[in-house]
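A.B. asks: Next up is a structure, given as structure tokens.
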Amino acid sequence: MHPKSQSKQLFRQKYQKSPTLNVYAPGRVNIIGEHTDYNDGFVMPCAINYGTAISGAKRDDHRFNVYAADLDEFDEFRLDQPIIPNPSKKWTGYVRGVVKFVQERCPEFRQGADLVISGDVPLSSGLSSSASLEVAVGKFCQLLGDLPLNNTDIALIGQKAENRFVGANCGNMDQLISALGQADHLLMIDCRSLETVPTPVPEDIAVMIVNSHVKHDLVTGEYNTRRQQCETAAKFFGVKALRDVSIEQFQKREAELTALDPDTAKRARHIVTENQRVLDAAYALNHSDISRLGELMNASHVSMRDDFEITTPEIDYLVELAQSVIGKSGGARMTGGGFGGCIVGLAPKDKVDAVRQIIAENYEKRTGLKESFYVCTASQGVHQC
């Protein structure tokens, strides 16, 4: 059952009444531009047809009762008291954190509610189940309290909740695309100015996602380490963020930085070249040059593997299998924060079955893990449903 239907049905069962407010926020897949968001750079994701639905209704007090359908767990907290983490249930941090920072922006918001949350974004897959949940909660609060927040505000509140309440030092891409996505379009986002430029996905091109089922958990260190290394590199170049370093500027001082700290130099090289790849990818898409876009995706994967060092052998193998079928008709790369999760492929629709088949025949045999294969549609951002 789709989360939109499930959340409504479960709400009636749990609370013996009908929901009066229903919202839905999609997950996302990033086509190109990995780890560039927290470097004030460029990204090019699309919202996907998997996401998080919330059904709810006002209460006549200040209490939030939250039922997470997929985990079969409840949480409750009050909006007229300080909102603090519930360490025994990690998922509650995404809900409580968003409500806390909505209140920080709109101190008058104290309206209680009963909620049911249902989602179908695979957890720990790199498809932004957390951002989808944060944006859905933010939109629910905005509509519940008729608050003066737009969808960009809601995205940034979600990011703040993940940074300061949950403790994952993520950038703003995942929340922005969940909030601002457009059907049938990729969205190039400037993560500094927050400007977005929609780019249509050609009709004959499929967006494929393959989940490696190698679990990743970004709160556990490596992601935050990469972020610190990028900040160290920005200081070395005397700039606010690596977004401000051109490839030429990087190459001039690359040997000097490598002598100081070879790992930091590699991390910076990925970010500086990846930003340029996103700009080149937007140009390629606007000129319907899918072959060039594919080259850029493939190069992005090599950079993540060798310079940013965030892939795994299983992920590299999936990419190799997909690329062997796609050839010059598109591309494939790891997507998401890394250390597991998913790969994304762009290719003509008539190649989908062959990609699915080569992975089904080889991946489990080599890794002992069974992949999940999704063909996705670029979808609308957060909305009432």
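Yeah, the Cβs are placed from backbone N, Cα and C, and that goes for glycine too.
It should be emphasised that the depicted structure is a prediction, and the values quoted were computed from it without experimental measurement.
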A.B. asks: Suppose a student reads Swiss-Prot and sees GLU34, HIS35, THR36, ASP37 listed for substrate. Which of TYR67, TYR94, TYR223, TYR283 should they find annotated at that same site?
C.D. replies: TYR223
A.B. asks: Within 10 Å of the Cβ of LEU127 (ATP binding site), how many other Cβ atoms can you find? Include all protein chains, please.
C.D. replies: 29
A.B. asks: Restricting to the same chain and to sequence separations of six or more, state which residues have a Cβ under 8 Å from that of ARG28 (site 'Transition state stabilizer').
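C.D. replies: The list for ARG28 (site 'Transition state stabilizer') reads PRO45, CYS46, ALA47, ILE48, LEU127, SER128, ALA131, SER132, MET173, ASP174, ILE177, SER178, GLY181, given in order along the sequence.
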A.B. asks: Do you know which of the binding-site residues SER128, SER130 has the most other C-beta atoms within 10 angstroms of its C-beta?
C.D. replies: SER128
A.B. asks: What Cα-Cα separation, expressed in whole Å, is found between SER130 (ATP binding site) and ASP37 (substrate binding site)?
C.D. replies: 16
A.B. asks: On the three-state reduction of DSSP, what should I expect for SER128 (ATP binding site)?
C.D. replies: coil
A.B. asks: Rounded to a whole angstrom, what is the C-alpha distance between ASP37 (substrate binding site) and GLU162 (Mg(2+) binding site)?
C.D. replies: 15
